[in-house]
Amino acid sequence: MTMVEHYPFKIHSDFEPQGDQPQAIEEIVEGIKAGKRHQTLLGATGTGKTFTMSNVIKEVGKPTLIIAHNKTLAGQLYSEFKEFFPENRVEYFVSYYDYYQPEAYVPSTDTFIEKDASINDEIDQLRHSATSALFERDDVIIIASVSCIYGLGNPEEYKDLVVSVRVGMEMDRSELLRKLVDVQYTRNDIDFQRGTFRVRGDVVEIFPASKEELCIRVEFFGDEIDRIREVNYLTGEVLKEREHFAIFPASHFVTREEKLKVAIERIEKELEERLKELRDENKLLEAQRLEQRTNYDLEMMREMGFCSGIENYSVHLTLRPLGSTPYTLLDYFGDDWLVMIDESHVTLPQVRGMYNGDRARKQVLVDHGFRLPSALDNRPLKFEEFEEKTKQLVYVSATPGPYEIEHTDKMVEQIIRPTGLLDPKIEVRPTENQIDDLLSEIQTRVERNERVLVTTLTKKMSEDLTTYMKEAGIKVNYLHSEIKTLERIEIIRDLRMGTYDVIVGINLLREGIDIPEVSLVVILDADKEGFLRSNRSLIQTIGRAARNDKGEVIMYADKMTDSMKYAIDETQRRREIQMKHNEKHGITPKTINKKIHDLISATVENDENNDKAQTVIPKKMTKKERQKTIDNIEKEMKQAAKDLDFEKATELRDMLFELKAEG
């Protein structure tokens, strides 16, 4: 057992909260202290929401889980929070599959797709670091993707099986080795890596699953621990002496031997019942398949203590009743903790939809004898279960969704940008002669070396408009869903560099399109009600022009819809609040000139910092060249993950898929 140590949260920043940040921080902190369950921070684009969230965490002092809707955003938040809290434990918990194809069965073609997963070692280490941090100290912030609602082992078992070593403790070497094997560490005297230990005489070196380069050297004198030291596993350099060290299990699905025996009996009983059912239905192939697969897994569990796909037996391993709520990361937090949901208008619907998608796929596997029915209990939480497990939540969004609006009595607003930038001016113009009018507006921006985004409703409209603009001599490109990741990033970068002046697209709301050079956003068919022209989508689209001090939006429409009216009124309201603030403090709005980074080194053309060799992708390649490029990108991807630059690693991974698919 380990004791949770208390440390205060300390923010490192050159800035103090300003604008309406202090008020937002105070309101949320008071709400949390008063026991409010739901609060929403309505933060406009560019108002410093992350800084506000950091200050709330510092004031409240509770362990905090921050959920983002994808790995890229989680990676960005992780980097930002790590900068704000260098003295505290900021952890990262996302799905550890670089590439994950879950097992599935397609009955129509009789195709079974094996689980194909390449586990990213760094991310697995970070997951272990996150769970162990929660049992060691209370100043923990975990940034997670929605995968945090997926099943994990029993936290009590995980905590109880910690191997504790202390100087002067009576314990002989073989007892320590036995305990390490019980928590799924393997002995490996040659290839020393995470989750293994090696033995040299009276010295045992352990490489904890939660550490990156640090191993623990335990020295024995007879039946007593004589010395404990932290050592760099590569160089052998002694980093520091320790009086005590807690070694957490190498797997989250760890089970005591006596429990494992009971679990195996339960699995055998379920298998027997299920085989009878299948044979009674004359599903002989399915029965044979299930018997073969399950018996193989059981044999592995008896011999090794685990098997591939052990998570499918989690309901038995944790000795829970069938159909009960699985353990997840949420159970690893104590009684008093906080949840923040970033971009909640996207993240909450994702949390809500996880269970059904997972259930449908697994049901097919169960029906066709690939898995026992209890595999259905290795699942994400249902939304109601998520609600039950969370105590206090803060939703963060520029456009809160219906759930947040319904559950929050008063929105905490953060409208003022410290930079003084205003929300753009909006003009509604009739659709008659709209294209010629649009061309003259673009021309004005081109002369000022500014950029334009044009959003349409259909693919055909986008294509026709792009062709028409090209014929009129405008440097334009079209961004649509079929464009691959690499091309998409190149197009956005080229827009910033001035290779293009205009981008035309249907849904320009995806992350990565916050471009300071854009001074005009044009919305065609603004009066056609629907998902892409809802008040939430319109506000998000308008926000794309809020990073430039000359930002303007033109909506082409023949009537004023409710969504348009709401978006225009809300933007004007925010604009007026910012103007008053600027006047009072003598602030002149100024575009922030963000450096044009290469998200991926493979797209480098003429960046002045590009002095080290990078992977460049030629348009046509021989088989040999393609393989070499794939190898180079693979190296870069692993390095990016090691450097915790998950945004870059994700982009590189997508490039790899594209190259492999083309090959």
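Cβ coordinates come from backbone N, Cα and C, glycine included.
From a predicted model like this one, the values you see are computed outputs, not experimental measurements.
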Can you check which of 72-95, 96-119, 216-239 Swiss-Prot lists as motif 'Beta-hairpin'?
96-119
Secondary structure composition of the domain 'UVR' (627-662) [DSSP: H/G/I, E/B, coil]
33 helix, 0 strand, 3 coil
Quick note, Gly46 (ATP binding site): same-chain residues at least 6 apart with CB under 8 Å of its CB -> Arg417, Thr419, Leu421, Ala546, Arg547
Determine which residues of this chain, when Gly43, Ala44, Thr45, Gly46, Thr47, Gly48, Lys49, Thr50 are set aside, have a Cβ within 8 Å of the centroid of the ATP site's Cβ atoms, and list them as they appear in the sequence.
Thr52, Ala398, Gln414, Arg417
Give the sequence-ordered list of residues that share a chain with Ala44 (ATP binding site), lie 6 or more positions from it, and have CB atoms under 8 Å from its CB.
Ala398, Gln414, Ile415, Arg417, Asp423, Gly543, Ala546, Arg574
